[in-house]
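Colleague: From TrEMBL, for reference:
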type	residues	note
TRANSMEM	31-52	transmembrane segment
DOMAIN	185-379	domain 'Glycosyltransferase 2-like'
TRANSMEM	363-383	transmembrane segment
TRANSMEM	395-421	transmembrane segment
TRANSMEM	475-495	transmembrane segment
TRANSMEM	501-524	transmembrane segment
Amino acid sequence: MDRVSTASMFPGVIQAREQMWMAWQQVKAPVIVPLLQLAVYICLTLSVMLFVEKVYMAVVITTVRLLGRRPETQYKWEPMGDDAELGTSAYPMVLIQIPMYNEKEVYQLSIGAACGLSWPSDRIIIQVLDDSTDDSIKELVQIECRKWANKGVNIKYAIRDDRVGYKAGALRQGLKHSYVKECEYVVIFDADFQPEPDFLLRTIPFLIHNPKVALVQGRWTFVNADENMMTRMQEMSLDYHFFVEQQVGSSTYGFFGFNGTAGVWRISAVNEAGGWKDRTTVEDMDLSVRASLKGWKYIFLKDLEVKSELPSTFKAFRHQQHRWSCGPANLFRKMVMEICKNKKVTLWTKIYVIYSFFFIRKIVGHIVTFIFYCIVIPMTVFIPEVQIPKWGLVYIPSIITLLNSVGTPRSFHLLMFWILFENVMSLHRTKATLSGLLEAGGKVNEWVVTEKLGDIMKTKSKAARKPRLRIGDRLHLMELCTGLYLFFCGCYDLAHGKNHYYIYLYLQAIAFIIVGFGYVGTFVPQS
């Protein structure tokens, strides 16, 4: 029997495929190619803007280091000392606020560290703001507070009837207590932060001797940075933020975003700026911008380290990144006109806040990473008529990546993994950023507290943790779908393409798929 050709067996299928091909060719040249070319031009323009911002910060930070500009040389600072006549009254009254929510694993760490600060006991008030919904955890926190109170520490335990305003609401309510009226400064430590005993002795003098300074911010360090690959990647990103972005803002314009913890505020500046507001999920940044518009200055101390904990599960990290991406974009939407109309700050400060701080770092940085590297570049595999210049495809991303690595030299060998991981996270950051800009969806102002594990990781053997995979718990469909799209693009490029991007596409696809299956936190890097 003669072999029957595929065409004779399935004439309808072949005809439909030919019609689809003809339709694609008719649409491709007049519509798809120009649109994709426009997308490339826009992404290249945004990449150049981001590149210029990174180079500018690199130049500033290099100049600061070469000239030896330190906060102690820019601002007046004198060590605290006992006064024979005034005694401890020479020390200003300081309020320590510790907001917490069901922090069973870490509440003892933060309360103990705060109670151990070197400061006269009659000039400090520790205020534990407990919004916990678990009564058993509330009882544990109260017991801890009573334990320190019995040791002579002036510690107050405060609860609310509801969680209105989340963290901002708790901080705002905490400042309304009558005993706060005698305090000049307020220090905020999240439940997982452990300051060194000399924290107040190193920060308060800046506020005492510089009446225009409203905030002194310490630098986060991370007790669990080596726990897994995901925590190492977070350390790289956050070290750049502190060593470069925060220091540049402090050294040039006296402005940067308060990190929400490990900082000291002048209470009069907080009140003048309108206090804590809960209109976004970044109440710390909101207060920073409003206070700066009143003319207040901020100081960042890179040598003042405060131990904290990084999210060690992808679920916790993703919730945190949604809040950190959606909140700034939403705040930008709400404050951009207020910044433009402000009369108290200089034009250059306005440009810095609007363009550099908000637009480039909080919006462009997230969106261009995902759109360009995970959508536009893979799509050019199918449309070879659209070419991306090598400077935009290789040189600019490489320089930006190298500049981002300066904060954590010990992790330089993990740079490739960091690039792939950041591209994966750009999916969530882009979604959150657009949600904040457009105020779309019901999660714009949703506050999900980042899960903290404290010392639990020291007591549980990693070998005892059994791997698990449950649909809806560790399976992330957006990452999986994006990974499959990139894998398909890589296969097409290998078989038919002319761009030869398939190695990058395969690697990025694998990264998305690994995260999609929830295994990003199971790899432990070698130091």
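Easy rule for this one: first residue shown is 1, then count along the chain.
Every residue gets a Cβ built from N, Cα and C, even glycine.
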Colleague: Using a Cβ distance cut-off of under 8 Å, indicate which of 31-52, 395-421, 475-495 has the most pairs with the transmembrane segment (363-383).
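Modeller: Result: 31-52.
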Colleague: Who are the long-range neighbours of the transmembrane segment (475-495) in its own chain, taking Cβ under 8 Å and residues 6 or more past its ends?
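Modeller: For the transmembrane segment (475-495), the far contacts come to 314, 374, 378-379, 381-382, 424, 427-428, 469, 501-503, 505-506, 508-513, 515-518.
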Colleague: Checking distant contacts: for the transmembrane segment (31-52), what same-chain residues at least six beyond its ends satisfy Cβ-Cβ under 8 A?
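Modeller: Residues 360, 364-365, 367-368, 371-372, 376, 379-380, 383, 385-386, 388-389, 392, 396-397, 399-400 contact the transmembrane segment (31-52) from elsewhere in the chain.
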Colleague: Over the domain 'Glycosyltransferase 2-like' (185-379), what does the predicted model average in pLDDT?
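Modeller: For the domain 'Glycosyltransferase 2-like' (185-379), the model's average pLDDT rounds to 94.
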